[in-house]
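Undergrad: Dropping a structure here in structure tokens format, bear with me for questions.
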Amino acid sequence: MGRGEHKEHKRKRSRSKERKRSRSRSPRGSREHREHRDRDRDRERRRERDTDREKTRDREKQRDAEKKKEKESKTAIFEMEESRNDTEEVMKMKEAELLQGVERRRRNVEKWRAQKKKEELDLQSEQSDEKSEKKPWNLEDEDDEDEFDIKNEGISEENPVKMEEKVEKMDTDDEEDPLDAFMKEIATKNAKKTGNSTQKASGIVTIVQEEKPEPEKGQVLENEDNMDMVIDDFDIETAAASLCHKGRMLAQTDHSKVYYRKFKKNFYIETEEIRRMTKAEVKAYREELDSITVKGIDCPKPIKTWAQCGVNLKMMNVLKKFEYSKPTSIQAQAIPSIMSGRDVIGIAKTGSGKTLAFLLPMFRHILDQPELEEGDGPIAVILAPTRELAMQTYKEANKFAKPLGLKVACTYGGVGISEQIADLKRGAEIVVCTPGRMIDVLAANSGKVTNLRRVTYLVLDEADRMFDKGFEPQIMKVVNNIRPDKQTVLFSATFPRHMEALARKVLDKPVEILVGGKSVVCSDITQNAVICAEHQKFLKLLELLGMYYEEGSSIVFVDKQEKADDIVDQLMRTGYNSVAPLHGGIDQHDRDSSIADFKTGVIKVLVATSVAARGLDVKNLILVVNYDCPNHYEDYVHRVGRTGRAGRKGYAYTFVLPEHQEKMAGEICRAFETAGCKPPADLKAMFERFKSEMAAEGKEVKLGGKGFEGSGYKYDEGEAEADANKKRMTRLVHGMEAGGDDDDDLEEQLSSMIKTKRRVVHGKPQSEKPSSSSGNAKNDREAGKRADQAKLKAEELSTRLKGASQVVQPVEKTAAQLTAEAVLRGAEVAPAQMSAAMLAKEKANRLNEKLNYLGGEAAPTQQQEEAWEYFEEEWDINDFPQQVRYKICSRESVGHVAELAEVGISVRGVHVPPGKEPKNGERRLHLLLEARSERNLKAAKEEIIRIMKEAFRQLTAQLQRGGTQARYKV
């Protein structure tokens, strides 16, 4: 080939390469791409066919195995029935043989008796010695009756001794008959009873050896899928049922009587790089890590890389797999502290990696200890306040536990306990649980399910929630049953100071690690607050979802379960289909599936109560809406902290009502300020107005709350008095049932239970004699009008005398209320000895002086002044039992009291059930008494108390007879 041809050949090859290159740049229309796509399609089809074949083959194998098991079970049943029939036939045959044997023995006995008589006649004197030496003849089984008869006929009468010897030898050689053995046994027992020990034993002695009882084995279940499953002595269903009977009775462990194996806590070895750091360098490095503050002696220095905390290669591979590049701020300081064996309180903002901070030292702690033996409980226990947080921690722990060969069990309520008990019985080094279900499991089956004897590492996640007044008793039940020298670790994003004092009871010289500050909202979250009315909230929510729906997931927090369901329905009607509720009223399986779908993005909007405010970690969560404003600061921090996690940006909006949420507006302003943000001006102004109003009333507004601590139900004055009356009523009835019905004590107790209000009304009554019967409706109306007029006059007097030095409230209020209000205003308290009548007289005199009114030609005398006033008193009888109320309010009782004491008495108001408030314009059931003098009121009161005592005695007698009798019988 010449040089020119060679160049031409190279040129052609370059052109073909260029054409191939140009075709490869647009592969969609090329033939190679189509062939490659067809090959991929064929390959996928072949894989699908192979998968279908394997599934079909597996189903056929499973079906064949089931058929085989069914056939074996049927065969076993058939064989059992056949063997049962064969046994019955054998028993019948044996019974027939026994009857035949009895008949043969009877004939032999008759022959033997005849032979015996013949021998006695022939050998009376000669064979006397031989007869004494002879053994008694015993009946033995003979194989052939005919041979026996022939031999007997052939025996010579002259040799009876030989005949007996032959018969005896033949009987001895034959097999023993069962009937004879049975008769011998009976004869032996009778001989023992009679005490005939000198008599020689005759015949053949058979020794019967008792069979030793075999140990009982487990019962094999027939006709089941698993033919070789044996019932163990532990029954899961029995354990689950025992929970209903035992409740939460967890026995207290006496640690002085229990032997605990020693264990190692301190695994941390400082690297050379960390050891060379000076105090100034450590302080500067902690400032870089979000201003870490450490309290406690001998706290280790923070680490910089994972290798410096002493994790093994398997843990390093898992950290690399899940892209944990370097320790976060809380991890850098908490991991070396925990690995040093110290008790730790870790406080860091939401989304800072607190879970991994206690998991890595826990695995190192567990791997150093001996493996679990049969009957051992867990080595590490992680307690979480909510089921969702427990499940999330369980999944996070499983990432590391599987490569390390450890087992993790998750125990929480709302689901079946049988599977959880089975997991614990199989053995698990780590248990993630909620406190209530853990107590149930520990108490189940008398403590045979699991125990806490091996626990040396205890974690309380969201610890401030654990030590409030709701969880604290359950937590202490678990903590007190763990060995005293355990290592305890507490983590949370919020930790009020008084909660910390409670938590320190379970810690031993702890190290407190504070990252950034206590209860601080993450700086990556953009906080917003909107003041709007209730009817505007949903429209504002739709506006926010329109802005952020496409960017990521959203969570809406409400206060009540019913409201969560309502908002979900409204959102679905407006076109948002990927919405789901989450609250405590939903089944646990549905809650788990909702959380899983929310994390995977199937559900874009989650409407939840505060059950989802802690620990929920969703990567693509961008928006948090507090539809209902939280009622304390810590709840706000945790709700908002669901977004802006692990360095990602997030947005939080809080809807605040213009009324009744002024104090919470101050808490939200505080959250803005601690995070370095400026609170909205209208929100700040709203709080300042509230603060000034409280200051005018002499009250100081304090921010920073009690966290999740329950403070009990706060009674106002009326509720406290009603509760005290209820307790006194119960004591009174029980005392009368026991026979303690002293009249003086009973009258004193009834008087203390009647709530009275007395006032003096100035003005001449319309009639000289007050109304004598409540049945007269006209008198009742007139008395009501007089009371209303007196009330209006008192209000008018109080408004006119505002400028006076001592302001006296209308007498409608009690003395305690007057004193309290006077103290709050800073005014002088009215003297205790001044009665309502004296105050009313003083008001009237001042008014008369202003109006220059003398009341006639001359000033009124004392007698005339008394004629112009009368007394009113209200008796609250709303809280008395029904029978007592009926007795007091009956027409006969009211008429009797009015006639006897010369008072006007009327029944006012309606009965209000316990725990409810009267409707608008209504008052509680009470008696209104009107009289000319206090003596008449006293007489009326004594008579009413006498009627009440009789009613109480009738009620007590009725209760002793067995309760009230129904009007109708079914």
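Each residue, glycine too, has its Cβ placed from N, Cα and C.
Unlike curated records, TrEMBL annotations are generated automatically.
A quick note: this is a predicted structure, and the numbers were derived from the prediction, not measured.
Pulled the feature table from TrEMBL, pasting it below:
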type: REGION; residues: 1-159; note: region 'Disordered'
type: COMPBIAS; residues: 8-28; note: compositional bias 'Basic residues'
type: COMPBIAS; residues: 29-74; note: compositional bias 'Basic and acidic residues'
type: COMPBIAS; residues: 81-97; note: compositional bias 'Basic and acidic residues'
type: COMPBIAS; residues: 109-121; note: compositional bias 'Basic and acidic residues'
type: COMPBIAS; residues: 128-138; note: compositional bias 'Basic and acidic residues'
type: COMPBIAS; residues: 139-148; note: compositional bias 'Acidic residues'
type: COMPBIAS; residues: 149-159; note: compositional bias 'Basic and acidic residues'
type: MOTIF; residues: 304-332; note: motif 'Q motif'
type: DOMAIN; residues: 304-332; note: domain 'DEAD-box RNA helicase Q'
type: DOMAIN; residues: 335-513; note: domain 'Helicase ATP-binding'
type: DOMAIN; residues: 540-687; note: domain 'Helicase C-terminal'
type: REGION; residues: 754-791; note: region 'Disordered'
type: COMPBIAS; residues: 768-777; note: compositional bias 'Polar residues'
type: COMPBIAS; residues: 778-791; note: compositional bias 'Basic and acidic residues'
Undergrad: How does the compositional bias 'Basic and acidic residues' (29-74) divide up by DSSP, counting helix, then strand, then coil residues?
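TA: Helix, strand and coil residues of the compositional bias 'Basic and acidic residues' (29-74) number 45 helix, 0 strand, 1 coil.
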Undergrad: So what's the average pLDDT for the motif 'Q motif' (304-332)?
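TA: Mean pLDDT for the motif 'Q motif' (304-332): 91.
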Undergrad: In the same chain, who gets a Cβ under 8 Å from the motif 'Q motif' (304-332) while lying at least 6 residues past its ends?
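TA: Hits for the motif 'Q motif' (304-332): 267-269, 271, 273-274, 285, 289-290, 292, 339, 346, 348, 352-354, 356-357, 360, 363-364, 367, 399-400, 403-404, 513, 515-516.
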Undergrad: What is the three-state DSSP composition of the compositional bias 'Basic and acidic residues' (81-97), stated as helix, strand and coil residue counts?
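TA: Once the DSSP states are binned, the compositional bias 'Basic and acidic residues' (81-97) shows 17 helix, 0 strand, 0 coil.
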Undergrad: What does DSSP give as the helix, strand and coil breakdown of the motif 'Q motif' (304-332)?
TA: 17 helix, 0 strand, 12 coil
